[in-house]
Amino acid sequence: MKRVLTALAATLPFAANAADALTGAVERQPTNWQAIIMFLIFVLLTLYITYWASKRVRSRNDYYTAGGNITGFQNGLAIAGDFMSAASFLGISALVYTSGYDGLIYSLGFLVGWPIILFLIAERLRNLGRYTFADVASYRLKQGPIRTLSACGSLVVVALYLIAQMVGAGKLIQLLFGLNYHIAVVLVGVLMVMYVLFGGMLATTWVQIIKAVLLLFGASFMAFMVMKHVGFSFNNLFTQAMAVHPKGEAIMSPGGLVKDPISALSLGLGLMFGTAGLPHILMRFFTVSDAREARKSVFYATGFMGYFYILTFIIGFGAIMLVGANPAFKDAAGTLIGGNNMAAVHLADAVGGNLFLGFISAVAFATILAVVAGLTLAGASAVSHDLYANVWRKGATERQELKVSKITVLILGVVAILLGILFENQNIAFMVGLAFSIAASCNFPIILLSMYWSKLTTRGAMIGGWLGLLTAVILMVLGPTIWVQILGHEKAIFPYEYPALFSIAVAFIGIWFFSATDNSAEGKLEREKFRAQFIRSQTGLGIDQGRAH
């Protein structure tokens, strides 16, 4: 039973230890000129791509979805690039470095969310939607209320995720490049705005693809060099790691990540359903031409991510063997220079020298840029498409909608920079956990039930969705992370760190109860529209850019 609970707790990749890669204390490193030069090459390449993309962005369709011309393979790479964060690369390899086997469960467990997207969501989402998941949620329900709720859910998730990434960017760049924190945050903010403002989804997609290729290449090379060192024998790798690790054989045993069964379930559910409710991930399914390509996207993305997280396991054990046993990477007190989260970076130095160290440092920074670009575009589309064009000013022209989207990108960029600076010394590890909980408690139930439950009504979706969102936020505030660690109270009112188990239940029960008891004429009409929606969700008939599949 403990192994099952350990695996469940492991499924939130950014929580606890992995989040520390972006939020823990950092020690500024000497200026790394190789890393800076390689990063500048990456920036120049991506700025050229943005310029190239800007010449091809002529319509709303181009801006939001790259014209629907991205292939399943390209989109799979871009999704992987959007999802493989610096926290998972540095944090999970650091967790393997310190805890051994637990890190494998931690790194692979989060993939549980992707089969849900593949089998339940990808095809119907592509057939029913155009630009945002609110298109799907509001397909047969009242546009105004549902789009407002979906946009609020999206913006809260984007804001929390964005703050965590910006603070993480500043601290990571302090670590890797020796640059000032404020300069780093401003640099990320400016580049993020340029990619999205001028290049839209096309530039964002190619930034994510390039980042994914670089990260997979870098991690593959590190894993190859580690395995070469041990004669390509996993037995030798584990034996040598056990010989030098302070915990000895204990690193090959599970346990130690779980406080209690409720926390384990809450973490597991938060990621499993949260992944299927992240607006910047869902938006990527509208960049392909049809449902077949959407399914292929998930297939490729899951393959790339699964491969990457297996590599982090090898990298973690390689770090135990080549970094942990080498005094050159330790300070006077015997701890790893820069902290345990630098294990993968030090391993890059150990297997590839200073040049490869510079490459991995630049890739870590590129990783953050790819993630924040996707978040910014998702936030901007929620405001311009869902709120402005479909709620506040119905009948707005494409030009007006694009103008609002680009103004929103600028505002999001400024706000992200200011909040990144404001939260510099705060514990922001909880923010990504909260983002996943809200995505799982508000966005996911509405998307799933709008596509699969014929009796869903606007009243049920609105009340249940808001209940889920508010429950997630309130329980998080009353929990040990915010109530005790941040606000300084003696004891938490809500005893568990993550609220997903409770807030998801509240959302689904609320949606079911208030839909089932809705006897209004509007509710009856919405139920009758389900058959037409079901036919389109299966066939794609009538969809823009739709092709046979």
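Numbering starts at 1 and runs along the chain as displayed.
Placement of Cβ uses the backbone N, Cα and C atoms for every residue, glycine included.
For 33-53 (among others), the entry in Swiss-Prot reads transmembrane segment, with the evidence type sequence analysis.
Same-chain residues lying 6+ beyond the ends of the transmembrane segment (76-96) with a Cβ under 8 Å from its Cβ atoms: 13-14, 17-22, 70, 102-104, 106-107, 165, 168-169, 172, 205-213, 215, 219, 280-281, 284, 287, 296-301, 303-305, 308-309, 312-313, 315-317, 319-320, 340-345, 347, 364-365, 367-368, 370-371, 374, 432. The annotation transmembrane segment is assigned in Swiss-Prot to 76-96 (among others).
Positions annotated as transmembrane segment by Swiss-Prot: 103-123 (among others).
Feature annotation from Swiss-Prot assigns transmembrane segment to 149-169 (among others).
Swiss-Prot lists 183-203 (among others) with the feature transmembrane segment, giving sequence analysis as the kind of evidence. When Cβ-Cβ distances below 8 Å are used as the criterion, the transmembrane segment (183-203) is approached by residues 43, 46-47, 49-51, 53-54, 56-57, 62-67, 166-167, 169-170, 172-174, 177, 283, 287, 368-369, 372-373, 376-377, 380, 406, 409-410, 412-414, 416-417, 420-421 of the same chain, each at least six residues removed from its ends.
Sequence annotations record features per position, and here Swiss-Prot assigns transmembrane segment to 206-226 (among others) based on sequence analysis.
Under the heading transmembrane segment, Swiss-Prot lists 303-323 (among others).
If you look at the transmembrane segment (355-375), the same-chain residues 6 or more away from its ends with a CB under 8 A from one of its CBs are 32-39, 41-42, 46, 81-82, 84-86, 89-90, 158, 161-162, 165-166, 168-169, 172-173, 176-177, 188, 191-192, 195-196, 203-204, 207-208, 210-212, 214-215, 218, 221-222, 280, 283-284, 344-345, 348-349, 416. Summarising the annotation, Swiss-Prot assigns transmembrane segment to 355-375 (among others) and lists sequence analysis as the type of evidence.
Among the features that Swiss-Prot reports, transmembrane segment is placed at 404-424 (among others), with the record citing sequence analysis.
Remote same-chain partners of the transmembrane segment (428-448), defined as residues 6 or more beyond its termini with a Cβ less than 8 Å from a stretch Cβ, comprise 12, 14-16, 19-20, 22-23, 87, 120-121, 125, 133, 136-137, 146, 149-150, 153-154, 156-157, 160-161, 163-164, 167, 269-279, 282, 461, 464-466, 468-469, 471-473, 476, 481-482, 497-500, 503-504, 506-508, 511. Under the heading transmembrane segment, Swiss-Prot lists 428-448 (among others).
Summarising the annotation, Swiss-Prot assigns transmembrane segment to 463-483 (among others). A Cβ distance under 8 Å defines the sequence-distant neighbours of the transmembrane segment (463-483), meaning residues of its chain 6+ beyond its ends; these are 149, 152-153, 156, 427, 429-430, 433-434, 437-438, 440-442, 445-446, 489, 492-500, 502-504, 506-515.
Tertiary neighbourhood of the transmembrane segment (493-513): same-chain residues 12, 15, 259-260, 262-263, 265-267, 269-270, 273-274, 430, 433, 436-437, 440-442, 444-446, 449, 456, 460-461, 463-465, 467-469, 471-472, 475-476, 478-481, 483, selected by CB-CB distance under 8 Å and a gap of 6+ residues from either end. The transmembrane segment annotation in Swiss-Prot covers 493-513 (among others) and is backed by sequence analysis.
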Review point. What parts of the chain pack near the transmembrane segment (149-169), using Cβ distances under 8 Å and only residues at least 6 beyond its ends?
Key: 14, 19, 21-23, 85-87, 132-134, 137-138, 184-185, 188-189, 277-280, 365, 368, 371-372, 375-376, 378-379, 382-383, 386-387, 391, 412, 415-417, 419-420, 423-424, 426, 428-429, 431-432, 434-435, 438-439, 442-443, 446, 461-462, 465-466, 469, 473
Point to revise | Positions whose Cβ lies under 8 angstroms from the transmembrane segment (404-424), at least six residues beyond its ends | key: 63, 158-159, 162-163, 166-167, 169-170, 181-182, 185-186, 188-190, 192-193, 196-197, 372, 376-377, 379-381, 383-385, 388-389, 396
